[in-house]
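J.: Quick one: structure below, then a few questions.
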Amino acid sequence: MFVDNVLTDSLFYGVRYIFFKNPFIQTMGSLFPDSSVYMLKTMSAGILVIYFTRFTTKLIGLVKKTIDQKLKEVRRNKERLEQDLASVNQTNSCVELEISVLLQKLQDGHLSCVEVLRAYQAKALEITTEYNCITEFILEAEEWAKKLDADAALGGKKGPLHGLPFSVKDNVGIIGYDSTIGISRFLNQPSTEDAAIVIALKMLGAIPFCKTNIPQTNMSFGCSNPIWGLTMNPWDKERTPGGSTGGEACLIAAGGSPIGIGSDIGGSVRLPAAFCGIYSIKPTTSRIRYKFIASVPGIMARDSQTVVTVTKLLLNDNHLQIHGDPDLLPIPWNEKMFSEKRSLRIGYYEDDGFFPTTPGIRRAIQIAKAKLEASGHELVPFLPPHVEYVLNSFISILTADQSRYLLEALSNDDIDPVLNPTLLALSIPTLVKPLFRPFVSHFYSAKLMPVYLGNRIRETHQLWSEITKKNLYKEEFLSHWREQKLDLCIGPCFACPAPRSVDVSKLSPALSYTSLYNFLDFPVGILPIDKENVEDQAKLEVEYKYSDAVCNLVKATTKGATGMPLAIQMIGLPYQEEMVLRGMEVLDAAMRQ
């Protein structure tokens, strides 16, 4: 556990005062032998340490009490919802309808908003009992659904998403509900306003009905925290659903929500979508964004058509502009870019030159390549340059405050074990890190260097220098892209299918595949291609042979992954979400043939 900075400083200065500054001790030193004074100092310091230990223990006890009280409240609300839904037809087939069909039935009045909401609430309760993916249900959801039904009965205009339930990640603001990111100090601090994207979706007729689980701090691609616990992958409970939008991906993949809203700062929407076999898009930062938050909203659904529909509506809706970040660019949906029929030139790569991918992932890329070529598009090899540099620079910029905000937020809290390697790395002084590098590289893995032992920013001029290098890299990447005359590019989302939850903390270097496009601020979509099969597992034994310890862990965690989803990234240029979604639709249609 972390001790609060105030307590740590107080303890340090208190002991220093006892040994060096206390006038009483100094006076005693002139009257008695050194040994007696030293004993007095030691006793005084010991008393101070005991006092602060007890104080900290008491504080941590209060934290646990706060968590317990919150969980009791959530359980009561869940039990109340279960009682309210006791009469709901558990075989209601509306949760199995394609979203386009469901929306049409809501528009035609063949289904009521309350009926659809209750069906999804019942399904979501069933799923979270099995996989622990929901943190809180939105109690006001039925009230909103009844109002929509009442307005429609009076002839009111229906929004394009009329009556469609949607779920949101824990850190997405809903008035009256906590956004904890798995940290106890954020409990009982409910949001005072809805996030802009929530406002926009509500104005379009949709109904937020639950919040979903995340990893502690959101700085992990796992999905566990000391408040809400571990979320499991619906395809295999031993494996992670991904993070940090893992609860959303789990719920949607299992059929408990039509659409979900997450956030992506290093792959947090894309990895869960890939691991759970659903669709998502991470837009360009200034096209759809949260207010004053660095991460970008991501849209998740069970099919590409729904992702297209929601993205198009949001880009054409002015509520994001009114309620969103002032830096949001008012670029409406470009239907011509999305609908044009010309053949596309698409780059592809099976690995990024830094972290090798497993046979199943490489096969997924080849399947996508073949399907796109069969649809009349041209595929050319493309390798992103200097990916190891990108990972090091990305983490340096992300932790430019020396991770003080992160450490302060975690003070006096239970720490999820997944964060231990990160916190250990943060505790190593920058000047000492070079001493560790040769040993870690030789005896364990060179791939840990950019993640845990890379050069870090200590002063403002270093941050500006790093940002300048970042912009130069983006120019280099764009030049490489334009030389190849690419419209799009496809590539892996991770080095392997969803890893076991126990292995998440050791596989951070494989985030090179997703963090690259946050670094560049390119829009990226995720779509499932196939599932890991027996042949992939056999090739894993024969082909995936590396001396690197992290690669060996990838091999170990991929064993037994038969049946897990295999997905790819569809990458486009900034502000060309329509092109990315077009590529996803084209490939998705080809996969269904």
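Just so you know, glycine gets a Cβ as well, placed from its N, Cα and C.
OK, TrEMBL features for this one:
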| type | residues | note |
| --- | --- | --- |
| COILED | 64-98 | coiled coil |
| DOMAIN | 115-581 | domain 'Amidase' |
| ACT_SITE | LYS169 | active site, charge relay system |
| ACT_SITE | SER244 | active site, charge relay system |
| ACT_SITE | SER268 | active site, acyl-ester intermediate |
J.: Fill in the CA-CA distance, SER244 (active site, charge relay system) to SER268 (active site, acyl-ester intermediate), as an integer in Å.
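T.: Distance between the two Cα atoms comes out at 5 Å.
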J.: Go through SER244, SER268, the listed active-site residues, and name the one with the sparsest Cβ surroundings, counting other Cβ atoms within 10 Å.
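T.: Among the active-site residues SER244, SER268, the lowest count of other Cβ atoms within 10 Å belongs to SER268.
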J.: If H, G and I count as helix, E and B as strand, and all else as coil, what does DSSP give for LYS169 (active site, charge relay system)?
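T.: Where LYS169 (active site, charge relay system) sits, the three-state DSSP reduction gives strand.
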J.: Within the chain of LYS169 (active site, charge relay system), which residues six or more apart in sequence place their C-beta under 8 angstroms from its C-beta?
T.: LYS211, THR212, ILE214, SER244, THR245, GLY247, GLU248, GLY260, ILE261, GLY262, SER263
J.: DSSP three-state call for SER244 (active site, charge relay system): helix, strand or coil?
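T.: Note: SER244 (active site, charge relay system) is coil by DSSP, not helix or strand.
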J.: Mean pLDDT for the coiled coil (64-98), rounded to an integer?
T.: 89
